[in-house]
Structures are given as structure tokens and as C-alpha cells.
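Read through the structure below, which is laid out as C-alpha cells, and then see the notes.
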Amino acid sequence: MTMMDTDEGKTVMCLLTDPEGTHLGSAMYIPQKAGPLQLTQLVNRFLDNEEMLPYSFYVSDEELLVPVGTYLEKNKVSVEKVLTIVYQQQAVFRIRPVNRCSQTIAGHAEAVLCVSFSPDGKQLASGSGDTTVRLWDLYTETPLFTCKGHKNWVLTVAWSPDGKHLVSGSKSGEICCWNPKKGELEGSPLTGHKKWITGISWEPVHLSSPCRRFVTSSKDGDARIWDITLKKSIICLSGHTLAVTCVKWGGDGIIYTGSQDCTIKMWETTQGKLIRELKGHGHWINSLALSTEYVLRTGAFDHTGRQYPPNEEKQKALERYNKTKGDSPERLVSGSDDFTMFLWEPSVSKQPKKRLTGHQQLVNHVYFSPDGKWIASASFDKSVRLWNGITGQFVTVFRGHVGPVYQVSWSADSRLLLSGSKDSTLKIWEIRTKKLKQDLPGHADEVFAVDWSPDGEKVVSGGKDRVLKLWKG
């Protein structure tokens, strides 16, 4: 780093880059007293933004919250090289941290195994060991419908990204499609899988609107594509030699499946042909996540809550997808029983971009932040780890849970992370300070499932004590 004295005091040679590493102009001298505000003005000027947009700045994955000179002194940075500062556009809205339980809702007769907010954040679905799916009214925080149709535990629920359908999968292998406005079964349960359903993922709305197709993964070793209008399985994706544990339908139209056979397979969706295999894990794959997952889940719905007519929905969803994805390829992260994770750019290479090590026990759940900048991982080693979502570099470890961590979820602005654990608590972690923001005790037993509403207003949790808890800021 070169420093020199000028009329306005000391300056530093800096290079501004976006999170993908694209330079914003060439290296330049900036005053040492410049902090985030001055850098924000500089970036807005360079990008010719019509209005001032908010940015955050990072040096070596640490957020720059002080003037550059103060950072140099504190970190004793060598004065021989250029300082690289990464700029990242912030969400223009802020999510309040939740800090209190607003409602405890009884209703399920057995453990709550899965929970999911609708893409617009207005409705909530839960699945239970009592074989029912329940829909809840978030305004009154009371039960809306009890959906009966399964004969066994409901292991997973998934909303279509246009919010018009809800699909659930059970331990017996059948799939139920529900009309969430009425709580009624749309036709008979769909059969085809021989063993329990491990995951459900919808075709993104920017590829097909209105939503019709979804994919399921099962312990029977297959994944199946279903058409909700035809009410049947249209393609069976066969090739894994053991249980398929997770599935994601990517924004480029490719389906990813993770399996106990230690491989990830990529499928095209017109005929169900295998495109590529991603290998590297030494044990079962438990979880897959995509860098674009939040926009795939929410489709045309954004934080403003605006509703779009069906003919505009596809275009709006595509705009949101392209904005999140940027110029870089969609990224995939996998978490495994071998204690490790891999970061992939599957459209570019079948070799992993990075191996993410550090967990001392199996990795149960992995999840990208809505802006794609971070990856969070939950493990049986009682910790949550945070990684750079672009490079895969380790950032920090969140310790505080005293039991295995089952699931994580992000706030819509990517500033807060939620975790649920066997220790009966939820915890909210702040990404900026890398510290615990809020401890949320209240459940009487293990917390199996958590979700943060896409509009950021509420958190839901469910588990062994059979109740749903809603949390607010």
C-alpha cells in the first residue's frame, strides 16, 4: 500500500471491486480519513447511479465501519500493497430483529416437523407427525385450516413461488397438493415414490408462469417431476444408488439432487437426462442450497408486498432473479455427513470451487443469504458457521447452542441469521458484529423447524413440544 502526504492529509492507494472481483476503475488514492460514507458517495459516482444507493464495504471479509486510516493502524496492514475494498449494495430496507414470542399456537397432536411461510409472507404452513398439514392466519395468529389427506408423518412442505399452491410430502411417500385459500386437497394424493419424501422444490416462476411443475426427492433413490395440472408424475429421475436426501430446481432450469451415494447429480427437465455429476464428498449429502434461493422462493413478490397481475409476474420474477444473480454463475453449496461442505459453480465446472472445512460433526443444513453474499451452515457440533458466499472463505463461528443445530434461516435483508436447535432455543445472530443478537427460549423441547418470513416481519418455529411459536420484533 502506498501512502503519501498531500494537502488534505495522508492518502492510501485503494482498489474498489464488487463481490465477484470486478474492478471499479483502476487503483486510486483516497484520503485515509475516508470512511463508509465517503466510499458510498464514490461508488455511486463511479456507477452513475441516478439516486444514492446504500453500500457496505469489506476488507478481507471484515466490514469496514471506520475510516480507512483507522483500519490500517488497528490491523497493522503492510504499507507495501494496494488495499482492496469490496463494495456490496445493501438492501434498501431493514428488518427488525425479532425479540419476543407474539403467540404460541397449539393444534398439532404430534411434533411439528416442517414449517414454511408463503412467498408473500401472508400465510404459514406446518407439517406434523400427526399426519396433517395446517394453515395459519398470520393476522389473527390463529389456525385457518387443518388439511387431512396424508396417512403418515408430514416431513416437508413447499409453496409454489406464485403462492397459489402448497405441496406436502410424507413418510409413506405420497404427495398432497393443497389449495391454500381453501385448505382443500387438489385431487387425490400423488403416488409413485416407494419411500419417504425428503425434499420438494418448485420450478422457478421466471421460467414458467403460472407454476405447474415441482420436483420431489425420496429415500427410494429417485427424484420425480410432477405436473400439478395433470396431477401426475411426468418424469422419474433415476440414477442415484442410495436415498436422495435433497433437491433444488435452479434458476437456469437445471435440477440438482444430493444423495447418500455421496454424489450430486444435475438433470435437464424436458426429458430428465443426467447432465453432470458432482463428486467429492466422502459421506452422505444432507443439504443443498442455491445462491439465488431467496428470489426463486419469492418469485415476483418483493419486500414492498406489491401484487403483480399474472401476465407481469414472470417478467418481474425474471428481473429479480437477474438482479440477484448478476453476471456470475449460480452457485451451489452442499453439506455432508463427512463434516465438510463444498462450494460449486455447476454450470462452469464439475470441480468444486472450494472445500469448506471446520465443523467437527455432520453438517445438517446449509443456506445462502438472500443477497448471495453469505453461506450459513448448521451442524451437530452445536455451532453455526458463516462463510463468504462467493469465495467460500471461512468468516466466523457462532457458538451458543448447547445441542445440535437443526436448521437456519435468514432475514430478508441478509443482516440477521436465525438458528433452531435440539437445545429447545432459537438464536438470532447479527452478521455485522458476528455476535448473538437475541436468545429466544420458550419451547419445551427440541426445535426441529424454523423459518423467517420473506417480508421479514415474523419468525416461526416448531418442534417436539407440538406447538408453533410466532416471534416478532
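Even glycines carry a Cβ here, placed using N, Cα and C.
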Among 17-32, 353-368, 417-432, Swiss-Prot marks as motif 'DWD box' the stretch 417-432
Long-range CB partners for the repeat 'WD 8' (442-473) (under 8 A, at least six residues beyond its ends), listed in sequence order, are 93, 95-117, 119-121, 124, 126, 128, 136, 138, 141, 294, 297-298, 301, 303, 305, 403, 406-413, 418-426
Check the repeat 'WD 3' (192-236) against each of 107-146, 313-354, 358-399, 400-439 and return whichever range has the most CB pairs under 8 Å. 313-354
Roughly where does the repeat 'WD 5' (313-354) sit in mean pLDDT, to the nearest integer? 93
